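Only one structure is covered here, and it is reproduced in the block below.
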């Protein structure tokens, strides 16, 4: 709300006149209040500290908020004439005010003040009227005026005089003249129309040079101020002889309109005067009066012969809107006579001034979340031209989120028009154009750079929502495994990102006991050695949070796969029957032929992939003797290489080297004690007795044949019971167990193709990370053809030299490597071959072949070491044409991989 005040002086009357005057003043005050400005008045030449008005109170501002809101007063081109006391909010005179110096002879004189306060930005306009006092006396152009008047001049002749001037205005500048008493002249005072008739002397009595050659008069000018001030000029009149006719102009007043900025030499007017005399008394010389101002003489020139007035200086409408020129025409008589006229030159305005554009106040930078309508700058425009040429309009650079709003006369506010986004445009270069209404129009521009201040409106962002990291096990504590990095589109502290772990439990331990993240760099460190056998996958989240207020953040998921290293040597499984010192004792009849399976070495490896792929080698005997035995490269089966004869030693100590495929490879050694006995004695000896008969002189213990038969019968019954139980389990519908849906079945073992359950792997199958996708089911032992052993009697040197790759008859999982020791967690893809009549199952394999008949087919996993459960195998005789001299009960194991919920299909 704007407050206005009006100071008025009036006289109280009585009756109806007083009431009318009061009503008129109230209407005037209401009109002034609606005008939207604050008005004060002060007399010129007021002393320092003179009270002008309570400006803070009138503007509705509290005294306590003047300093915090940066209350300030600006006056264009007026210096520090007025000042405001910020303690009491009073506007007072600060320095000398001279109305004539400020406004010249203008009827209205005021000081325009701009009162600006911030927080929020407000601008008030205050006009202080400077009232005139009578401080300037009338002044004549000269202190003495010389007049030459011929004695022959007729009565009532008029002699113009230059009047006095008063710098004041109004009544203080209203002059009255009086002439000192004399008998010859009277004073002709100026009429109301000063352009027609001015001050002059009227001859009332004929002059007589002989009687009075010189006349001294005093002309006094008095103004209308209180007290009155006066000015005088002495008139010295010299009476001349003869020349009866003075030059006379066509008119006493000429008016000419002259455009500003005309070039020098431009003709203004051609004057013409005539003289009735002849000869020299009739020749007229034109000149400017001695009383005209030097400014007129600098702008114009008159030709003394032709009377042409031409321009010789720069004519500027803004400097002077009109010029008054007094021209004399003097003849060349012995006693020269003169005639006078006045020329009024009115200057016409041209559009020759460009608009003036200034930024009064700037509130920068602007926050990107600033509300619409926020005032950014206050702009003032002006034009020295008048009329249409001085009407100024402002425009702004297009396609920017700002606009100009006209607030008061030639004032504009730069305000926010649409939402800002520093991340899209951090700064705007605005150009404000001020254009006047002239033809052609002129314009001026001003530029301002508006910087957008950042707010925390962008959360840190990772390049992708999830990262996969591969780390080898047994890493050193504190090793760097990965670096996360998040980018924040903000700047400064709003873009300062810090990283932290999203804490959770990993089993029985906290996540922070496994890994840590550097708060500034985002580097992730493993705090302890990781064990692939204990933890294959560590999944956790890292949080990135900026330093803004309030802070913003986002998370990224890290999947750390622990890669297997060959850090576990093969482990030998305990023999089924008794042995001494971990050695396996076996009795072999002398009569067995080539390819007879004597024993089987069982071993497992806690590693995965190639690190757990075991091969078996038979160490050569001491002394270079030939040993009639060999071991299967991947099966661990010890069989005869030829028929035994009497040249062979009755007892053999076989050292079987079990080696994995890691780099470097780790090994274990198994000892097998083989004793050769007669065919009838073989069943009588027990493996425990053979284990004790290590020395070459030990004797075989006779065993009752009936006891052996009883043992075989009981063993056969046990095998049939196990087979029946397995068949029932395979045909039964799946039920939910402790591991919920999808619990995998465990693999069974048989006489020749066995593997064992790894208790180390079992807990991870039921870890709850998600239900397994398939089940591994079922096996039925079957008798192999006697010809199946034939090809096993064909050993080659190559089989002892190096491990061979599996042939296509074998497919097995990495969990079912040599010794086949762990539960199997299978994926759905590829083909796993089942027994006859059973469906094939999809499984991811990469098969390779080898001509070795008993090695089978081994399919190492794609990316072995990451997911070690992607191996497949088929366990059984590699060649149906094999046969042996002494058929032995063999078991072919077939695997059926089925989906959860499918009914099992028994073999035909």
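Every residue gets a Cβ built from N, Cα and C, even glycine.
As given in TrEMBL:
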SIGNAL    1-36  signal peptide
DOMAIN    35-140  domain 'Cadherin'
DOMAIN    141-249  domain 'Cadherin'
DOMAIN    250-357  domain 'Cadherin'
DOMAIN    358-462  domain 'Cadherin'
DOMAIN    463-572  domain 'Cadherin'
DOMAIN    595-685  domain 'Cadherin'
TRANSMEM  705-725  transmembrane segment
REGION    759-812  region 'Disordered'
REGION    834-908  region 'Disordered'
Short question: most Cβ pairs under 8 Å with the domain 'Cadherin' (35-140), which of 250-357, 358-462, 463-572, 595-685?
358-462
Give me the mean pLDDT over the domain 'Cadherin' (35-140), rounded to a whole number.
85
DSSP assigns the residues of the domain 'Cadherin' (358-462) as 4 helix, 56 strand, 45 coil
By DSSP, how many residues in the domain 'Cadherin' (141-249) are helix, how many strand, and how many coil?
4 helix, 45 strand, 60 coil
In DSSP terms, the domain 'Cadherin' (595-685) comprises 10 helix, 37 strand, 44 coil
